[in-house]
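Participant: Below you'll find the structure I mean.
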């Protein structure tokens, strides 16, 4: 591992093959087009044709008849005083020269490359003859590797100040790219750096498209599009290291976050749906097959986990929905499990927590799924109004549809995570129904909080302690395992499990 001056570790930039898992880095640029100018001022289009396995070029002026509408855009960002190369969004192939768009904010992208070297030393040919392997393979690889190395860095959050190893190691930083510190425990992101201008993968969607096979190592943030290393993301409570956005958590991770270790007792684990209305998928995947797919994918039997546990020593009944199981949709099994949980909490006088993450009622079960809204609400009425017990509703992103319209908004205390999406219908549906435009943030937690829909916006790392304090205010205290009260509590659970 190299060090730079000042004792800071350099970031990983040069080992392109290690990052992308390819032997020939030109395969990454099969759809990129470059505008090249030589010493004589002549301009060319250059691109890699993956089908012909060759690096092709075509004179700039040959595009006038076919792409005259795009020439002003191209000329506008070509430098007049020096040799420059610029990346053009929406790449070409030899059979497809339909569109050229300028990438925002990448003027002088290759400030430290002089294309005289490419045109003179590499025998850059005009027409459609281009470079051919194997004679030019070394030159092409060298050029493309330099391009990638100057633009792609594996970097941690700026200012981490730690000297620990990163998870992907590199060797050096090229040109004027700035070095970043590296630290274990801080997830990595792909950044680009040019003369102090920082570009994220939001501006480089092609890189993500070409590396999907390696995304099992990374989780992309829905807000900033930064990449988070999955091995450390769980220890960070699935919060984006780049922008602090609260990413989706699995139900198992949420139970681990809220419930004390060794106190979790699940309920109704073996309850599964049997396709009650024989849903017609219209030639698509059958409902039973979809259920089986998500059961294998998530390890769950349904879109909710319910059970009994302790939160900082306080016994609670808790249900946690999982959006990764068919979008957390509420069918007859989900409704039945939540109803049974509420009834058990009513009988045992336990505080109730339900964590919502759902797109709404499950269409494959028709009116049976809609009926769950009334069934759960009825059980909650007995729990809250007749027994006077405490129900805390926690809304996470996304919570929508029938869940929002029923138990999601019926809590005695409603807590929402920062920037969570909470809605009944989607923005597009509302605009088409009302025939008017609504603000983009009108369904975010902060906007709705100021309208009075929620009681608290609590970040994930404070959630457990805040709920514990709320229960204490309602005269619910931790159990002493040596007390008679704890023995009575365990005796109540034994007949159930």
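Any Cβ shown, glycine's included, is placed from N, Cα and C.
Pulled these features from Swiss-Prot for this protein:
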type	residues	note
DOMAIN	217-489	domain 'CoA carboxyltransferase N-terminal'
ZN_FING	221-243	zinc finger
BINDING	221, 224, 240, 243	Zn(2+) binding site
Participant: Name, in the order they occur in the sequence, the residues of the same chain whose CB lies under 8 A from the CB of residue 221 (Zn(2+) binding site) and which sit 6 or more residues away.
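Facilitator: Looking at Cβ-Cβ distances below 8 Å from residue 221 (Zn(2+) binding site), excluding near sequence neighbours, one finds 227, 228, 240, 242, 243, 245, 247.
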Participant: Could you count the residues of the zinc finger (221-243) that DSSP puts in helix, in strand and in coil?
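Facilitator: Computed counts for the zinc finger (221-243) are 7 helix, 4 strand, 12 coil.
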Participant: I need the most crowded of these binding-site residues: 224, 240, 243. Count other C-beta atoms within 10 angstroms of each C-beta and give me the top one.
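Facilitator: When each Cβ's neighbours within 10 Å are tallied, 240 tops the list.
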